[in-house]
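Taking it in order: structure first as structure tokens, then the write-up.
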Amino acid sequence: MKGAIQFLGALAAVQAVSATYIDWTQPFNSYDCGGKQCGGRPKFEPPAYSNERCTPQQNTGYDFSDAPDGDLPKYDDFDFSGYKCQKSKLQRRSGRGSGSKCASSYVEPETYSNEIKCGKKFSVDEFDISLEYESVIEFHYGMPDGSSCKHVSKCGTGITPVKNTQCGGAKSVKCKIHKSSQNKKKCKFNIHHIKFRCDKPSTTSAPVPATTSEPAPCTEYSCTATDTTTEPAPTEPAPTEPAPCTEYSCTATDTTTEPAPTEPAPCTEYSCTATDTTTEPAPCTEYSCTATDTTTEPAPTEPAPTEPAPCTEYSCTATDTTTEPAPTEPAPTEPAPCTEYSCTATDTTTEPAPTEPAPCTEYSCTATETTSEAVPTTTDEAPCTDYSCTATEAVPTTTDEAPCTEYSCTGVPTSEAVPTTSDDVPTTTDVYIPPTDVYVPPTDIYVPPANTSIPYETPSPSETETLPPSGTDVYTTLPSVPVETGCPPVLPQCMETWTKITQCVNSGDVKCLCPNPEYIKSVAECVEAWGVDDDEVAKALEYMQGLCAEHIPENPAIVTCVPTYVTLPPVTTGASTVTVSTTVVVPVTTASPEETNKPGYVPVFTTETVIRTVTVCPVKLVTTEPSKPVLVPGTITAPPYVPPTAPATIPATVPAEATTPPVEYAPSTLMTAYPTVPVPVNNTTPNPPIATGAASSFKAFSTVMLAGVIGLTALIMA
């Protein structure tokens, strides 16, 4: 019975593994270094996803209608170096400003003779450009970190809109004639309108009215507003000071000298409730600190002064103190309850004695421990929830307070964690540690060992091989050392950047991404924009074609997205030939170059269908370690990455059709699953959702159904 349950659990683990894969771009796109990729550039920021604040003039766009004629050293927040403001005879596009002025400069090959820069980041959405001669212009954007982004566009003698889809968050932009342009002569370069991407336009705020004597309300991330009333007493009352407030907090305190009823200040989201001076504790809410009302009944002698706890980030304790003549019998107090992101109510003393609060740090504050000189008293612990600390118990002697650290604080002694050893394992559970062998269940289904790659298509069997049962994946072994092909990091970075426009799992889901023309076009433009040079762009796009080779017939953009000025390197071994049918728009004209360069010339275009044969080198994704994926030639078919699991039974032999992998990819240890622990699953990062297109949805559905049947069978057999 036990063996049957273990076998069913192992089979479920195998099925779960078959539905997952490695996100190969993750190591290239880990931003754990302050929002930047460790050792690389920040994540690419397209204008569509930027959040720059714009001036009112930038919100409507620059049309230069209010700029004086002549030199244009500065306009709004920008420095226009090398530009002049002049009149233009060209008709503006609809909705692109008014007037007839433009910012004019010159462009030439190889050098930049103009620059537009700003002291803060900006994102240009679109330029309206006209040239003296039709040319291909390179727009070069300087980024805050010193990197550069560029895009290339062909502009004519009429007003040409130039869209910027890749280079957001820039500090400068300059232009020159691109090397692919037929025109190599220096010519006039006119900007008729600049449209900015403004997701957060700047706004003006109304003046704040003068404050009144009423307590200030508590709002987001604020501290408690406390009213303190001091009633006349035979003895001099102890001075009361409000708690200091720091980041995200402020205490509004009103003090009156006449006894009068007070109402608590209104509290809203993320604030703490101000309460009257009673013996009942004030409630705590999320992101707030407890406002504790303490009634101190002093002895005939003068009471000692009481100082409130300090306020730090996200927390502050405001204490209301009322001094009244009373006998020496101590009054019982109860701690205030603690809730999410709150601090613990303080314990009070039975006699007047100085108390010092525990240090408060980020998201936490330690409940203070007090000294009782008269009668030892204890208090019940206040309930603590998410991100709160524990109320301490009052003891007869003074004790040191436990330090508070990020997200937690414990004021009571805690037991040390005892390291878990193998003695804790039930004696009825067997532990198996194979040398380099692999686990294969007795169903003629070969389960690959723990290695670091992802599944791919089933290779065609040879004449001597036997096929496994229908519906099973077949894998071949990896070479002892995969052949690393050196894919430029710009490709996985761009794939990660633009995956957000799709419904795919992540940038490793190539079977979902490759058929998407918009995605492929955006990635290719991103590679062209952020590639260091043409060689890096060509190499990155070559790998993209290799990754998406099987989808070229259904998505010709995989081939046509390559810029005309970029030449892909020739394919040597392992090449595949794909026939692509594309529709292109080409100009049709018999006019001379002099005529086409005249202002106002409108070219004529026609649509043609082009059929061509493309040779690509398929590329597969293989990982030598879970965090180090590499690209290898497509001739290698790799089994999926499976973390070390706990098989329930151990096979006596390996099926003949399975190939034993080399030592380099064998797991270090394999253990049987404990009865109380669920069957482990493939913990890839990030975990892909269930739905990944039609194929993945079917596999995920079958996995869930199989798991349910297995669980039901296990219960019946048990």
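Numbering starts at 1 and runs along the chain as it is shown here.
Glycine too: its Cβ is placed from the backbone N, Cα and C atoms.
As annotated by Swiss-Prot, disulfide bond applies to Cys494-Cys526 (among others), with the evidence given as sequence analysis. The Cβ of Cys526 (disulfide bond) has Phe44, Pro46, Gln166, Val490, Gln493, Cys494, Thr497, Trp498 as same-chain neighbours under 8 Å, each 6 or more residues away in sequence.
Residues or ranges marked as disulfide bond in Swiss-Prot (evidence: sequence analysis): Cys504-Cys512 (among others). The Cβ neighbour count for Cys504 (disulfide bond), using a 10 Å radius over every protein chain in view, is 23.
DSSP assigns Cys548 (disulfide bond) to coil in the three-state reduction, outside any helix or strand. The disulfide bond annotation in Swiss-Prot covers Cys514-Cys548 (among others) and is backed by sequence analysis.
If you look up Swiss-Prot, you'll see 462-575 marked as domain 'CFEM', on the strength of sequence analysis.
Summarising the annotation, Swiss-Prot assigns region 'Disordered' to 452-472.
Taken from Swiss-Prot, the feature repeat '7' covers 359-382.
Looking only at the repeat '8' (383-402), the predicted model's pLDDT averages out at 43. Annotated repeat '8' per Swiss-Prot: 383-402, in sequence order, evidence recorded as a curator's inference.
If you look up Swiss-Prot, you'll see 1-19 marked as signal peptide.
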Cα separation, Cys504 (disulfide bond) to Cys514 (disulfide bond) (Å, whole number): 10
Among Cys494, Cys512, Cys548, which are disulfide-bonded residues, the residue with the most C-beta atoms within 10 angstroms of its C-beta: Cys494
